[in-house]
């Protein structure tokens, strides 16, 4: 008896520990942590950190927020994801797409951006707890590609004004295009020259890194390859530092040649709850309800896009590096990151493809690499904020343009054309509508994809062949949207011809059937009986056969295969 109780207690402990490991994935790898992993995680964390700092500053510009908010948003993810994440490679932080979405919803208002982070995090965490990750499956690949391509164009062109050094350009895309060209005569030579040099350097370093990766037989020494790889990997930080030194040298002598970032708030952000109300410039207090109402559809789009972007990245690198992720646990990690981030003045974040790629290529072993990255961001906030005063906006614009340029995947259009031309419809609807408003582009693309999906359900492929008796092969399940179409085909091809013809309905691919279809089949069987011909069902799966027998359809006949049905009907015709 005592042994049995001990076994039960042991089983309960094992079950509890397994549940705890499911909620805290750190418990799966922390007991096995070793010195080799520590070295690789520190190296990867340092490399990603030197990439994160300039990108975070640049993405804050895209979000329309002061640059320090980019750094406020860049460190919480590393700590939270170490405990809750299931991918060793993913890094959470500000991204180009989330910054663009944030800008479109909050209009560059910091307090609202922080509150948006809290609300998005709550939505994402609730979705994780309710296991609603499957909802992401309803956003099709053409919609994702259309949105990312449009976002890349919008973000990239939005930085042209900073390359040119012109002011007073509106945020709305079409007005932005017009005023950017209209104000070209106002361009500052210093910003143009510096911006183009930064772009050229970034592109050159990017190609140098890709050539090192692809050309393993290079004649250069291993040491030289490592140096070039390191510089190319940290190219964003290297270019921004160099540009800042140039700007500083000019500013010291009183020559204001470049448009610089200017004064930034120094030090770590205070840990406090996000504001639940806002005050306008004229002193009017805006309530929490009014702010949420102003967020509108963005409050649905931003959490979904954050989840979609991060999980897609996690799945891609899990497949590449041969491990598996838990999608719902990833939702929880992102949700908690955004909730906790709102307490340190962060705006919504998600997984970054570029920084995740750097993390993976550097050889990270566990999510602990994110802790090192977060520490670098915190050190930058604590000690380097005065130096950020001299960062030229043109250099940050060059970093953003190079980061989003690979997102414009023009080859995907040719692939969709070859595989399924109809997929181009949601792609172009999303792409074009996103220039009007990014959230409308996503909603429009999902609506078109949904309409195409419903159309395919309402118009299933029915292949009709004539063997003396008509054979109609259904290509998919039968549900209520397809009822009228199936009835129309049977009536026009079998019942309304003279003389009426018998039909063998090949249901070997049918795995779903509902009450509306049963009701229509009852009426069809009655019509066939009145015309003294037969409707025969063939190849029924056991579950479907069980439903049809339970429906007690008058005149219902079935055979195991189409050939048996044809043989039986041929004998009936001979007998007649």
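Here, residue 1 is simply the first one shown, and the rest follow in order.
Each Cβ is built from the backbone N, Cα and C atoms, and glycine gets one as well.
Note that the coordinates shown come from a computational prediction; the quantities given were computed from them, not determined experimentally.
Per TrEMBL, the features are as follows:
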- 66-84: transmembrane segment (TRANSMEM)
- 114-134: transmembrane segment (TRANSMEM)
- 146-169: transmembrane segment (TRANSMEM)
- 189-207: transmembrane segment (TRANSMEM)
- 227-250: transmembrane segment (TRANSMEM)
- 295-318: transmembrane segment (TRANSMEM)
- 330-349: transmembrane segment (TRANSMEM)
- 369-389: transmembrane segment (TRANSMEM)
- 396-413: transmembrane segment (TRANSMEM)
- 425-455: transmembrane segment (TRANSMEM)
- 468-576: domain 'STAS' (DOMAIN)
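If one looks beyond the transmembrane segment (396-413) by at least 6 residues along the same chain, the residues whose Cβ comes under 8 Å of a Cβ in the stretch are 54-55, 57-59, 61-62, 67, 96, 145, 148-149, 151-153, 155-156, 159-160, 162-163, 195, 198-199, 202-203, 206, 236, 239-240, 261, 354, 424, 427. If one looks beyond the transmembrane segment (146-169) by at least 6 residues along the same chain, the residues whose Cβ comes under 8 Å of a Cβ in the stretch are 61-62, 96-97, 99-100, 176-177, 179-180, 183-184, 186-188, 190-192, 195-196, 199, 258-259, 305, 393-394, 396-398, 400-401, 404-405, 407-410, 412, 426-432, 434-435, 438, 441-442, 445. Among residues of the same chain six or more beyond the transmembrane segment (66-84), those with a C-beta under 8 A of the stretch's C-beta atoms are 23-26, 45, 52-53, 55-60, 90-94, 110, 113, 117, 261, 264-265, 269, 329, 332-333, 336-337, 340-341, 344-349, 366-368, 370-375, 377-378, 380-381, 385, 388, 391, 396.
The stretch in 114-134, 189-207, 227-250, 330-349, 369-389 that contributes the largest number of Cβ pairs under 8 Å to the transmembrane segment (295-318) is 114-134. Contact count against the transmembrane segment (330-349) (Cβ pairs under 8 Å) is highest for 114-134, out of 114-134, 227-250, 425-455.
Confidence in the domain 'STAS' (468-576), given as mean pLDDT, stands at 85. According to DSSP, the secondary structure content of the domain 'STAS' (468-576) in residues is 55 helix, 16 strand, 38 coil. Beyond the transmembrane segment (227-250), the same-chain residues lying 6 or more positions past its ends with a Cβ under 8 Å from any Cβ of the stretch are 47, 50-51, 53-55, 57, 190, 194, 198, 201-202, 205-206, 208-209, 212, 220, 256-258, 260, 358, 361-362, 387-388, 390-392, 394-396, 398-399, 403. Listed as Cβ neighbours of the transmembrane segment (189-207) (distance under 8 Å, sequence separation of 6 or more from its ends, same chain) are residues 162-165, 231-232, 235-236, 238-239, 243, 246-247, 250, 257-259, 392-395, 397-399, 401-402.
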